[in-house]
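For reference, Swiss-Prot has these:
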- 1-20: signal peptide (SIGNAL)
- 21-477: topological domain 'Extracellular' (TOPO_DOM)
- 32: N-linked glycosylation site (CARBOHYD)
- 60: N-linked glycosylation site (CARBOHYD)
- 80: N-linked glycosylation site (CARBOHYD)
- 89: N-linked glycosylation site (CARBOHYD)
- 171: N-linked glycosylation site (CARBOHYD)
- 175: N-linked glycosylation site (CARBOHYD)
- 202: N-linked glycosylation site (CARBOHYD)
- 240: N-linked glycosylation site (CARBOHYD)
- 259: N-linked glycosylation site (CARBOHYD)
- 311: N-linked glycosylation site (CARBOHYD)
- 362: N-linked glycosylation site (CARBOHYD)
- 433: N-linked glycosylation site (CARBOHYD)
- 478-498: transmembrane segment (TRANSMEM)
- 499-526: topological domain 'Cytoplasmic' (TOPO_DOM)
């Protein structure tokens, strides 16, 4: 019985160890997973980590200020030149749409027309409900902290050719709420009523990080607290609050086609003015060069490059250039473990911290992984001011720049990071005005706690995806317990195999007892 008990203890210890080892590599293992269909090029492990780290960095930005990269589905996928559309190949169209959802694109413009008291995708036989079912499938498969992201669906509704009376009647009888509830469900949709509720609870913010009655909630609040994934908006004026309570009206979005009327800001005042405009979209033709410039100017590009179905995946390069505005082309380096090691020169190495490289000749910046033990200057931000920066001249390791003893940043400043293309543009303006040469600067981003999980919050920030026990701490914790368990097991085995001598010689012991018993007096003493 005792053997079984202690074997169970050992088995439990080993099982816990295996679980902990698996948990420390979960993020790395997830790099090999994919939720993409085979039609669209899948993201590499490096690209997956880069895209996820950007999302996490932007967690405290409001959803209206995020940089979205979108596709105009009618131009890119559902145009009349696509043979699948002419053939009515809806299955393949939906397969390609699902694979687009799994790419870096996170905004889509969809043209719909009213058809028999329903909505149908223009120039196809696809119903709006078919698209919603595909969306629901994708959202369910990515409803976790690793893959979840906000999707914006912008609708262009074509009015039927009817007189005004018939038009009003059909508009009122078209039940969009029923269509959305039946084929997608309202739990994933961030609705106008949700925005009203957030504003009533002071859960909406402006660019200064202060509660605002005309602001929007943060990405982290929408994704992780409210578990919302989809924002639906209308670009036309077909619906109203009564007929489509789940859909935001057209005046919420700043949507332009062709050329933008918004100037690209170069001053803090210009950046602040631009940030006061919500949901800035530009629907136009883009290439892999100019899309980065539009992103850095605070616009969310909607790609309208006409494509054939056989070459539609060539747009993946353009989407990639627009969606990754931070990391260098070969970054971040994907590792299998986080460890501290010594080089041949005897110095410590831990390539788990991020340096922002500034190039003065062309005024560009990029992020690269660096050795946390190297000494560099660091980046500080003034309180909650999104566009006010300070670079400290005193060098320190990543661990020393922002530690428990205090930060190297002065009072009212904190160790920080550009969280969006606009903030990065304001940093470039600061570096230009301060006449900095080419410089490497620590920013608040590292993967010290878990490999490939890049987090902000200093060197002691934990990975948000799960509760993880590091290998180093786990070994320190489990070695004493394992040694004690093994020692107890050895004692039990020893006592079970080697009997105590008194039991090993029972006959002699019984003879001695009988001899002593005979010498005892019997009866009652007189």
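Any Cβ shown, glycine's included, is placed from N, Cα and C.
Feature map: Swiss-Prot annotations on the structure.
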residue: 60; record: N-linked glycosylation site; DSSP (3 states): helix
residue: 175; record: N-linked glycosylation site; DSSP (3 states): coil
residue: 202; record: N-linked glycosylation site; DSSP (3 states): coil
residue: 240; record: N-linked glycosylation site; DSSP (3 states): coil
residue: 259; record: N-linked glycosylation site; DSSP (3 states): coil
residue: 362; record: N-linked glycosylation site; DSSP (3 states): coil
residue: 433; record: N-linked glycosylation site; DSSP (3 states): helix
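Mean predicted confidence for the topological domain 'Cytoplasmic' (499-526): the pLDDT average there is 63. Ranking the glycosylation sites 60, 362 by C-beta neighbours within 10 Å puts 60 at the top. Counting in whole angstrom, residue 175 (N-linked glycosylation site) lies 35 from residue 60 (N-linked glycosylation site) by their C-alpha atoms. Counting only same-chain residues six or more apart in sequence, none has a Cβ lying under 8 angstroms from the Cβ of residue 433 (N-linked glycosylation site). Within 10 Å of the Cβ of residue 202 (N-linked glycosylation site) there are 12 other Cβ atoms, across all protein chains. Within 10 Å (C-alpha to C-alpha) of residue 202 (N-linked glycosylation site) lies none of the glycosylation sites 60, 259, 362. Sorted by the number of other CB atoms within 10 A, the glycosylation sites 175, 240, 259 start with 259, the lowest.
Of all the glycosylation sites in the record (60, 240, 362), the one with the smallest CA separation from residue 259 (N-linked glycosylation site) is 362. Residue 60 (N-linked glycosylation site) sits 30 Å from residue 362 (N-linked glycosylation site), taking the Cα positions as reference.
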